[in-house]
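**Student:** My questions will all concern the structure given below.
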Amino acid sequence: MVSGVVFTSEYALTATVLVAVAGGVSLGTLSGLTPGLHVNTLAVAAAATLPEMGLSRLVVGVVLLAAATTHSILDVVPALAVGVPDAAMAASTLPGHRLVLGGRGREAIRVSALGSASAVPLAFLLAWPMTRVMTALGPWVTAHRAALLVAVTCLLLAGEPTRTRRLVGLASTLLAGGLGVLALHGPLTTPNVLLPVFAGLFGVPILLAARHGGGPPPQDDARIDAAPRRLGVSAGVGVLAGGVVSYVAGISTGVAAVGALSALPDMDDRAYVATTSAVNTATALFALFALAATGDAHTGVLVAMTDAGVPIDLPVLLTACVLAAATAIPLLLALGDRALTAAARVDHRTLLATALTAIIALTAALCGPAGLLVLAAATLVGLLPQRLGARRIHLMSVLLIPLAL
């Protein structure tokens with residue numbers, strides 16, 4: 001009789017977890033495919049409302065982690081199809097967009113899927129050694145964070161091939177860094193401020209430049225035209241970078257992407273996409289390992305979880321992440337192809353106007369007048385490297401400089 005009760009209880013828990021994962025995948029799909037909408041925003045709302053609906057705290061955690069994992073995989077779609085990234089995918093937006101404009105968007109979707117898919121088993125394999133190393137080195141990294149971030153910035157500038165482009169990169173670095181200080185720690189601080197910051201730096205300039213073109217061309221086949229070893233190394237470096245920053249307070253996924261890209265300066269567009277996708281998904285997983293090991297929540301979703309009192313039941317929560325990833329990767333392939341097809345069929349000026357209107361409306365709704373001011377300032381800064389020929393990755397100093405100060 002007791003064994004029957006246990007069996008029934010385990011069966012009920014399994015069914016509940018599966019339903020919760022499905023709900024989380026739905027939330028992550030919504031946030032991942034909506035330009036400018038971050039999963040953290042939905043996580044805070046879900047963590048506040050789901051317990052009121054009678055769901056247990058553990059089930060709430062399953063929903064939130066499934067949403068975060070799904071978002072980390074699908075948020076490449078608006079970056080490729082529309083050109084509007086979030087913070088995590090900003091560094092790869094232009095390389096990914098070049099692939100789309102060259103008719104290789106379907107390939108870019110699959111490269112991103114490979115990057116995210118490789119992050120899941122690698123994160124599990126590296127969880128124990130990474131936790132041991134980073135719990136020991138974490139205090140040292142935190143103490144020397146400013147010097148490390150300055151070193152990353154210098155590596156990015158040194159990667160420019162000419163003196164003129166290095167000067168443009170330096171100007172972009174300083175302007176974006178100043179904007180970051182004002183937006184994150186100064187008078188322009190507002191809730192969800194990263195929305196106008198990254199939409200202005202990386203999204204709007206692409207949309208403005210695209211108005212002179214004919215829109216994305218029809219996309220070619222989905223064959224991946226890159227050496228497996230090159231993509232594997234790129235994804236592996238991304239996983240390592242995502243793992244490192246997951247154990248250090250205050251350093252985001254976007255910073256991890258910058259660190260990974262600075263370590264591999266000769267990467268082509270496909271490697272950029274693979275690296276940033278691997279960083280994105282790896283961080284979602286490693287941050288959970290870091291929370292279990294140290295008790296510190298280093299992502300917005302995990303902060304919402306801890307505030308909601310979610311117990312850290314690793315077997316259940318990690319299962320939710322794996323199931324969400326296994327669902328989201330096929331979704332990425334299907335929805336990504338459809339988004340690219342739709343973008344090619346719709347009149348590109350209408351698409352650009354719709355995207356710009358959505359960015360402005362979301363900024364006004366979530367950030368108010370201060371957010372619109374940040375959006376305008378970020379757009380002006382974002383146009384600088386685009387017009388003068390420097391790499392736009394220097395604009396990621398919008399995060400690096402505030403962290404270094």
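Every residue gets a Cβ built from N, Cα and C, even glycine.
Given the structure is predicted, the values throughout are model-derived calculations rather than measurements.
Per TrEMBL, domain 'DUF112' is recorded for 18-396. According to TrEMBL, the transmembrane segment annotation covers 12-33, 108-128, 140-158, 167-187, 193-210, 231-264, 316-335, 355-384.
Please go over these features one by one and say how buried each is and what sits next to it.
**Tutor:** Remote same-chain residues near the transmembrane segment (12-33) are listed as 39, 41-42, 46, 55, 59, 62-75, 77-78, 316, 319-320, 323-324, 327-328, 331, 335, 339 (criterion: CB distance under 8 Å, separation of at least six residues from the stretch ends).
Long-range contacts of the transmembrane segment (316-335) within the same chain, counting only residues at least 6 positions beyond its ends with a Cβ under 8 Å from a Cβ of the stretch, are 13, 17-18, 20-21, 24-25, 28-29, 33, 58, 61-62, 65-67, 69-70, 73-74, 76-77, 109-110, 112-113, 116-117, 120, 124, 281, 284-285, 288.
Tertiary proximity for the transmembrane segment (355-384) is limited to same-chain residues at least six positions away from its ends with a CB under 8 Å from its CB atoms, namely 35-37, 41, 82-84, 168, 171-172, 175-176, 179, 183, 188-193, 195-205, 207-208, 390, 392, 395, 398.
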**Student:** Calculate the per-residue pLDDT averaged over the domain 'DUF112' (18-396) and state the result as an integer.
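**Tutor:** Mean pLDDT, the domain 'DUF112' (18-396): 84.
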